[in-house]
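Peer 1: I'd like to ask some things about the structure below.
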Amino acid sequence: MKTSKMICAFLLVLVVGTFNDISGAYGEYVEDQHSFKIERRFPPCVEVCVQHTGNVKECEAACGE
């Protein structure tokens, strides 16, 4: 009987530890996904142009914005 209680306790600790690891990993995954979101300040045409040239006014004129 003592052995079965020890086995149950061990399995419980194992399950709780695994759950904590999985939930922690998922939390990190969610944070990473949010950090990759890019805030757009300009329309897509201007945004791409600015990434290449760095000149906002020139890009707005070229894109007709």
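In case you wondered, yes, glycine gets a Cβ from its N, Cα and C as well.
Take a look at what Swiss-Prot says about it:
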| type | residues | note |
| --- | --- | --- |
| SIGNAL | 1-27 | signal peptide |
| DISULFID | Cys45-Cys63 | disulfide bond |
| DISULFID | Cys49-Cys59 | disulfide bond |
Peer 1: From the Cα of Cys45 (disulfide bond) across to the Cα of Cys59 (disulfide bond), what is the distance in angstrom?
Peer 2: 8
Peer 1: For Cys63 (disulfide bond), what is the secondary structure state per DSSP, taken as helix, strand or coil?
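Peer 2: In three-state terms, Cys63 (disulfide bond) counts as helix.
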Peer 1: State the three-class DSSP label for Cys45 (disulfide bond), counting H, G and I as helix, E and B as strand, and everything else as coil.
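Peer 2: Reduced to three states, the DSSP call for Cys45 (disulfide bond) is helix.
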Peer 1: Just the number: how many Å between the Cα atoms of Cys63 (disulfide bond) and Cys49 (disulfide bond)?
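Peer 2: Counting only the Cα atoms, the answer is 9 Å.
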Peer 1: Pick from Cys45, Cys59, Cys63: which of these disulfide-bonded residues has the biggest number of other Cβ atoms within 10 Å of its Cβ?
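Peer 2: In terms of Cβ crowding, the pick is Cys59.
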